[in-house]
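Annotated features, as they stand in TrEMBL:
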REGION    1-36  region 'Disordered'
COMPBIAS  15-24  compositional bias 'Low complexity'
DOMAIN    86-411  domain 'Amidohydrolase-related'
BINDING   Glu161, His227, His248  Zn(2+) binding site
BINDING   Ala172, Asn251, Ala252, Arg259, His283, Ile340, Ala341, Gly342  substrate binding site
ACT_SITE  Asp306  active site, proton donor/acceptor
Amino acid sequence: MAAAPTSPVSPPTTGPGTAAALATEPRTAPADTGTVTGTGTYTVLTGGRVVLPTGTVDGGRVIVQGGRIVGSAPEGAPTVDLSGHWIVPGFVDMHNHGGGGASFTSGSHEDVLKGVRTHREHGTTTVVASTVTGELDFLARRAGVLSELVEQGDLAGIHFEGPFISPCRKGAHSEALLRHPDPADVLTLVKAARGTARMMTLAAELPGGLESVRLLTDHGVIAALGHTDATYEQTVEAIDAGATVATHLFNAMPPLGHRAPGPIAALLEDERVTVELINDGTHLHPAALGVALRCAGASRVAFITDAMDAAGFGDGTYALGPLEVEVKDGVARVVENGSIAGSTLTLDTAFKRAATIDGLGVEDVVRAISANPARLLGLSDRVGSLEPGKDADAVILDADFTLKGVLHKGAWVVDPRTA
Ligand SMILES: [Zn+2]
């Protein structure tokens, strides 16, 4: 933690206002704020309730120069008045299969970028692309394609969900293509991603599972337990081997039983594990979400979308890997067997649900939706909080937690003055 609570929200200081050509100039000219006398290279967000790692500052300031947050601005720097609004860090989604009609598993470069832009318009300024089960060769080639987009800075990494998962808990993954987690195959995918693999979901109770967990950990890839039929004891073993994430806790795993507590108890009780939750009102009952939060605490929860192509797009028929999926009233199901097939969630909706229906404090929601996933992904030096030196990624919400603005690397994706 670099900043005192007042640092990004400190009074303006007169500085040299040096150079700093904006890589991405805010879309709206500063003149329309009516308060501009400065150079235009700075933007000062004022008047809002700023959520910082140390707490919330009413009437705080977030100072942006170029694509970064800085600690001070020259006198007369352009301002944007956000009175009555929340200013929170940009959202970080570590489990996301697509959106805007585009799939991260099969789409072209342009399709993937369309999906990224769709989620960005809903506040997600950092996206990890998740793949679904496919042939090993296909996934290796796909990793090559996605890794280019990671290297370009459009994606924050790759998450392989399958094919090393349990047929008993396959969800919307093609059973014919599932395989045991042979460490050689796991390594093939990790290598194909050329250093951009951030996470792999696997069922560690399968043959080769524990060895694969160790291999992933050795390569700096998060081993996530999910689509698993493991017992409590097997899950404890996998955590001891290095697994640190529960892939969409509760979904695609045995339920909590009083004699067979299964993976849920092991994942919730262990301080080393962060649990993903899909807060769309379909995947989880609000009470289940509440239990997870009370057990794990807000510092060990990550809100994810697990979104598929229909997120931010609409109902219709889609492909999820080789499976046909029907989306009706925003709920995606595999046509063949009725399994829920990912979500159509965007993180602004997850935020609003958490702050209104689930009754979480805003600071806890920010932990679950920005800070925790950023930390897990090893990106805390750049994203996940509103602190000087970090990317100028912020979301503006009104008093009812409806999204009104998105700032990505200093540029307005959604401008709160026109939204
Ligand atoms: Zn998924």
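The backbone N, Cα and C atoms fix where each Cβ goes, and this holds for glycine too.
Features recorded in TrEMBL, as mapped to the structure shown.
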residue: Glu161; record: Zn(2+) binding site; DSSP class: strand
residue: Ala172; record: substrate binding site; DSSP class: coil
residue: His227; record: Zn(2+) binding site; DSSP class: coil
residue: His248; record: Zn(2+) binding site; DSSP class: coil
residue: Arg259; record: substrate binding site; DSSP class: coil
residue: Asp306; record: active site, proton donor/acceptor; DSSP class: coil
residue: Ile340; record: substrate binding site; DSSP class: strand
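Checking the recorded positions Glu161, His227, His248, Arg259, Asp306 for a CB within less than 6 Å of any atom of ligand 1 leaves Glu161, Asp306, listed in sequence order. Cα to Cα, His227 (Zn(2+) binding site) and Asp306 (active site, proton donor/acceptor) are separated by 13 Å.
Applying an 8 A CB threshold to same-chain residues 6+ apart, the list for Ala172 (substrate binding site) reads Val132, Leu320, Gly321, Leu323, Val325, Ala332, Val334, Ser339, Ile340, Ala341, Gly342.
Excluding the listed site residues Glu161, His227, His248, the same chain places His95, Gly162, Ile165, Gly171, His173, Thr201, Ala224, Gly226, Thr247, Asn251, Ala252, Asp306 with Cβ atoms within 8 Å of the centre of the Zn(2+) site Cβ atoms. Set side by side, the binding-site residues His227, His248, Arg259, His283 differ in how many other CB atoms lie within 10 angstroms of their CB, and the most is found at His227. A sphere of 10 angstroms centred on the C-beta of Asp306 (active site, proton donor/acceptor) encloses 28 other C-beta atoms.
Residue pair Asp306 (active site, proton donor/acceptor) / Glu161 (Zn(2+) binding site) shows a Cα separation of 10 Å. Over the domain 'Amidohydrolase-related' (86-411) the predicted model carries a mean pLDDT of 96. Residues within less than 8 Å, Cβ to Cβ, of Ala252 (substrate binding site) and separated from it by at least 6 positions along the same chain comprise Ile165, Arg169, Lys170, Gly171, Gly226, His227, Thr228.
In this structure, His283 (substrate binding site) belongs to neither helix nor strand by DSSP; it is coil. Taking a C-beta cut-off of under 8 Å and a sequence gap of six or more, Glu161 (Zn(2+) binding site) has these contacts in its own chain: His95, His97, Ser130, Thr131, Val132, Thr133, His173, Met200, Thr201, Gly226, His227, Thr247.
Each of the binding-site residues Ile340, Ala341 was scored by the other Cβ atoms within 10 Å of its Cβ; the lowest score goes to Ile340.
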